[in-house]
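The block underneath contains the structure these notes are about, expressed in structure tokens.
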Amino acid sequence: MKIGKLATGCLGFLGGVVIALMNPMICSAAPEGYTEYKVQGHSISFPDDWYVMYEGKEDLEEIYTMYQLDSYESFQKRLDGAILEAVNAADVDLNSQTGALKSENGMDLFMLEDTEKFSLEYKELKEQPEDVQQSFLEAYGKQMKSESGMNLGDTYLVEGTNADFAVITLSYQDYHYIVAGTVSGGRVFTIMTLSRNEEEVISEKEKIVGEILQSYCLEETAVSADGGNKAEDTAVTKQSPENVTTEKEVIEISLGIFIILLFVLLLVGVKGKKKQEFHEDAFSLSVMKGLQGFCAAGIILHHLAQAITQNNNLDKGTLNLMCDIGVFFVGVFFFCSGYGVYTSLKTKPDYLKGFLTKRLSTILVPFYTGNTIFVLTAILFGETFTKAELISALTGWVLLNTQLWFIVEIFILYIVFYIIFKILKNEKTAFIFMGVFIIAIMTASLFLGHDFRTKSGGAWLRGEWWYNSILLFYVGMIFSRYYNVLISNIKKNYRLWLSAGLIGSGIFYALTEYMLKTKGYWSEWDGHPGYLEKIQTLSCQLPMIIFMVITFFLVTMKFQFKNNFLAFLGKIAIELYIIHNLFIIYLRNQIEIKNDFIYIISVYILAISMAVLLHEFDQRAIALIIGKKPGGGGGEGIEAPKDTKLNSQKEYFIDCMRLLMTFFVVFIHSPFGGKAGEIFFCFGKMAVPFFIVVSGYFCFSDKTEIFEKRIKKQAKRIFMLCVGANFLYVYLYLIGNKLGLMPVGIQKRVNDSSIVDLLLYNQSPVADHLWFLGSLFYALILMLVLIKIKIHKNFLFLAPVFLCIYLYLAYNGEGEFIKYRNVLIVTLPYFMMGCLIHRYKQKIREIIKPGILISTAAAFGLFVAGEYLIWKNTGVPYLSIEVLVYLVVLICLYYPNIGSKGIVWWLGSKCTLPVYIWHMSVLWFFWFAYTSITKAYPVAVTVTAFVLPLLLSAFIEKIKQHSRVKLV
């Protein structure tokens, strides 16, 4: 009976959809009295008695201004005045005979002598003052209509590629110019030639055009104008041979692979069921968490696709498919949330007791943590706020990061859920009221329209994303309420349900795509709120989301999507959702990473890394609020091996030596002057190898299970420190930039190549000393791989071979040193040497006597000074240092109780890694803020850079010891 009611409701809904679709639609052809123009692939129509100026793009949308003037002369006069105003504002020197015409504020511009055609091109329009921007928008020329018809001269546009190229010959007074570049993506023409010789300019232009056409395997076609009231911008026709792979195809392949990887993430470890068999845990918390992790990764790719394709306006191949699919991923989140809260209400006694504290803390703590970081980043990158705007942004009343709308809406739903089910004792009534509220919030949001008043467009409930998928929360509640009935019916008629879901998803997807192109949500303007268009679009998109989400969960009943990486992403899903937009915006708009492939990889790596860091912080903050240990209960019931502590056997002398080696590191980065300082610098070279060898020594165990667990524990710790330290120095650099202290902007430090260096060689773009943390993390991961394939014990003996390769390349190799100082031939071998020392420490004690060991170490200490005198170069590794580091480690093991339980041991065991990370910030302070002090008192600066972080870390460690909640 209940199933019948549901079916009746669905039929009624479909009927409403058909009625909505019967309303008049916008025709593709121009209406009567309008003339249609095609401009760079966009078909637009304007009244025949209007003159139009193309104003550029705002928020990736094309903007045109239409003027209904008395005559073309009026239009020309208006344009002339705007250009004159822009030229005066730009203060351009038109007498320059070489290079581009460039104003002081960075504007590039050119003009036509013909009074009927004027153009002003721009560079990074948004960076210009508001008056210059306004002048530009008034003056920007795409004279799409004139009395004699459209005439764009020698213009070449390449359709279907990642850039629209144009090469134009222009003149002003007696100068002739060639401009070439892109006319999309916010970039401008570059003036490539400036000469009084017209023939020379024309010849150069033909050469440039030929090179562009050849690079895209294209042939030139004529550019013509029809004249009269209709004009077309004819594009170059693509003539690509079958055996030639164009740049466009390469882009399609390279970017499309991310969609494949997204589904590989879902399908790894998938487990299917036979006919008439189903996974009974398809709707369990662990499975749903993993699916939310998949959806978080999908949402990131969806937003990346929108950014790269400029909201589907650029052709990026298969990546464009992700532009309109984000609502599905969000729908899964809503469904899981609604299903989860109602299932808990049904199955957990007194579930509403403490509901607000527990549920709201899990979303508000991540929300405000991520929101604060976003606002701080915006300020550091130069965005300005009034007091009211800053308060609104920090409180979240206006979302600077507009992607946080989902968190706000879940927050609202949780509060209303609690109030309704707490006050209304009749569960059925409360359930109905919850549905009514969701319909009400959808209606209110639809009628409110978009937010055009705030800079970010982030006012609450303003935009279709607030209402086009929220109903899935209630669908999840319905599924939970009627779970037994629905699951029983689905199992009996699984093929029917699945077929209906797939067919419904396909039909409504096609309808949605059609409605988005012909109607859409952005249909309001002054005097026209566009309610009908929005309702028509929603009437197709909402059922599409419902069909897709339910079909997705039907598939999970047969195929269990569950693996470790999904579980990992599910654990950090909310932080990942909150923080990813930070990197999507600033890596492209501020850092200006141009390579799309590197851009996508960078966003994923940085977003996941930051999400892990934020998750750790959020869990501890939530634990303080609700009074529970971070991470919940007592784990998964698996007892860990007892001997997994990294330093289960106290080696006091090693910890004391760590403190000395840390001072060596500080000294290397801020050395004293003179010969003595240089020799001391040479001894400091063994500091980082010492740290790595000691790390390998303490991690190793003959028992593989214990060794693996120690590696995992250390890898997690180093990863957190590495990520946290890199982000710390990025923000310190931004603060220094804001104060005008840094020598160059962060854009000069962080770019495509520096990110590649970071990922491959662990070279931090802003703090070079952090390479050690990233390289050690990579070494730990590689060691885990060796353990998994069960070759780690034999592989250890290759350590000396790899180190010899490193030494050979350091002296004889070509190219950057960071490419030799990599994990394979430096960090991993050092780590393995530490493992070997641990493995054979008893035999070493039996073979080598303490006296011989100490005298040998002293001899190699003299060799260090000798090598310095020979090489006169402190930039290469010394052979004597490579031996001395192991001798020092062995001496520490021979005399383990030196410094036992003293202050030096305590500082060495607790504070050395924080000092290693923080000392550079102190040096920055002196180098950039107080340069004169650095030059006058170098020793004092070095000692301060060591002592200040040491005292701070000791203070924090004491606080941690007296706190019940472990902070790090």
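Heads up, the Cβ atoms here are built off N, Cα and C, so glycines get one too.
Feature annotation (TrEMBL): of 13-30, 823-840, the stretch labelled transmembrane segment is 823-840. Contact between the transmembrane segment (597-614) and the transmembrane segment (282-305) holds: at least three of their C-beta pairs are under 8 Å, each pair 6 or more apart in sequence. Distant neighbours of the transmembrane segment (402-421): 303, 330, 333, 337-338, 341, 345, 352, 355-356, 359-360, 363-364, 366-367, 370-371, 396, 427, 430, 433-434, 437-438, 441, 456-458, 460, 463, 465-466, 470, 473, 574, 577-578, 580-581; these residues of the same chain sit at least 6 beyond its ends, with a Cβ under 8 Å from one of its Cβ atoms. Over the domain 'Acyltransferase 3' (652-953) the predicted model carries a mean pLDDT of 88.
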